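Worksheet: the structure to be examined is printed underneath.
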């Protein structure tokens, strides 16, 4: 995908979705119960390209990362983790940075698998 600023990244290949609270059509996880959660996301970007992604709770950014393939001859990836306290009904998703300039392609496929995961800590 060629992402634009402030675009939700939709992770549509679901491996595990216990409780069914992740929507693979929108890319949004809806918190079922109040608690502390950990989220991890990995994105692959094209060689020569870069993008900034962020983990969002409702409309608030709680973590971000830069994936840069600049100066490289191959696709690059970056991962990040954020631990957040959520309330029932909070919505969590990954998006591209709302104002950062993006250059390149976000990759995901059998070999380069961009991913999003989360789990309850307590």
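Keep in mind that glycine also has a Cβ here, set from the backbone N, Cα and C atoms.
TrEMBL does not curate its annotations; it predicts them automatically.
The domain 'C1q' annotation in TrEMBL covers 1-122.
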Whole-number mean of pLDDT values that fall within the domain 'C1q' (1-122): 91
The domain 'C1q' (1-122), counted residue by residue under DSSP: helix, strand, coil: 3 helix, 60 strand, 59 coil
